[in-house]
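First up is the structure itself, then whatever we jot down about it.
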Amino acid sequence: MVSTATQIGHFSFDNCLMNAAGVYCMTKEELIEVEKSQAASFVTKTGTLEVRPGNPEPRYADTRLGSINSMGLPNNGFRYYLDFVSDLAKTGQHKPHFLSVVGLSPTETETILKAIMASDYEGLVELNLSCPNVPGKPQIAYDFETTNQLLENLFTYYTKPLGIKLPPYFDIVHFDQAAAIFNKYPLSFVNCVNSIGNGLVIEDEQVLIKPKNGFGGIGGDYIKPTALANVHAFYKRLKPSIHIIGTGGVKTGRDAFEHILCGASMVQIGTALHQEGPAIFERVTKELKTIMVEKGYQSLNDFRGNLRYKD
């Protein structure tokens, strides 16, 4: 029997697919929709210290090759999501979950993580170090000194399972430098990648979204090659205890297969989930299993990370 089961840290999942933070995760109702689908798990909307309305609309647009957005981290506040996943966990009848959070300053991040540390929540936390769409706030993970200081500080008090959502890197030296930092800490996972920041899509001489004069994060087909490169680069550089979640350009079983081939333990779907809805998880799972059967693979471990190079 072909299995797409996988593991992140000590958490086991019966499938390798889930939503990406930002899609089908703003409200409890949306999260329950994902929970009831064939997704292995869900990740919440990135929760900040306070409720945020986000950037002015229109702030999202589908395009021929994917999407562009400048959402600006709209969310109901981290407490809303923390209380929800904590309540689900208490029932003992739900999948393991991911709680996505970030502060708009180091102090806010510390306040949020200490609150989670003091709570009953024992699931995974995804610390978002890569949102490109908050005006005046740079992507943290592009500043290696700040990233190192942040991780060094948080692991002095935070002992629950935690991973980080990364922006795309484009330079081999940056892969080396980032991995050297991440390998110093007990991270459960890294998520590669968030949208490619500050793209521009034009239609009939006009930009598609309002914030930042049309500049926004690019998702979908545009970013799959970059996402695959980041997944594989970190798979080759990170210690085995740090799992990799692949995100970017996944809309078919073949896309998911390629992320796993590059080293991903789980795969998140964003733009295509927004376009198709939670039924996408059933379709992509079937397509992935069909590929595995055709190639004689029984489990993800049979091919994870086994990308072949040209002689």
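Backbone N, Cα and C atoms are what each Cβ position is placed from, and that goes for glycine too.
In Swiss-Prot this protein carries:
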type     : residues                                                                     : note
ACT_SITE : CYS131                                                                       : active site, nucleophile
BINDING  : LYS45, ASN69, SER70, MET71, GLY72, LEU73, ASN128, ASN194, SER195             : substrate binding site
BINDING  : LYS45, THR46, ASN128, LYS165, VAL193, GLY220, GLY248, GLY249, GLY270, THR271 : FMN binding site
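Overlay of Swiss-Prot feature records on the structure.
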residue	record	CB count, 10 Å
LYS45	substrate binding site	29
SER70	substrate binding site	29
GLY72	substrate binding site	20
ASN128	substrate binding site	27
CYS131	active site, nucleophile	25
VAL193	FMN binding site	27
SER195	substrate binding site	32
GLY248	FMN binding site	34
GLY270	FMN binding site	26
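In this structure, the CA atom of GLY72 (substrate binding site) is 8 Å away from the CA atom of the residue listed as 'active site, nucleophile'. Here the Cα atom of SER70 (substrate binding site) is found 14 Å from that of GLY270 (FMN binding site). Within 8 Å of the centroid defined by the CB atoms of LYS45, ASN69, SER70, MET71, GLY72, LEU73, ASN128, ASN194, SER195, the record's substrate site, lie the Cβ atoms of GLY22, THR46, GLY54, CYS131, PRO132, ASN133, VAL134, GLY217, excluding the listed residues themselves. Within 10 Å (C-alpha to C-alpha) of CYS131 (active site, nucleophile) lie the following binding-site residues from LYS45, SER195, GLY248, GLY270: SER195. Cα of ASN128 (substrate binding site) to Cα of VAL193 (FMN binding site): a span of 11 Å. Note: the Cα of VAL193 (FMN binding site) and the Cα of LYS45 (substrate binding site) are spaced 16 Å from each other. Largest CA to CA distance in the FMN binding set (LYS45, THR46, ASN128, LYS165, VAL193, GLY220, GLY248, GLY249, GLY270, THR271): 20 Å, whole number. Under the DSSP three-state reduction, GLY270 (FMN binding site) is assigned to coil, being neither helix nor strand. In the three-state DSSP scheme, ASN128 (substrate binding site) is classed as strand.
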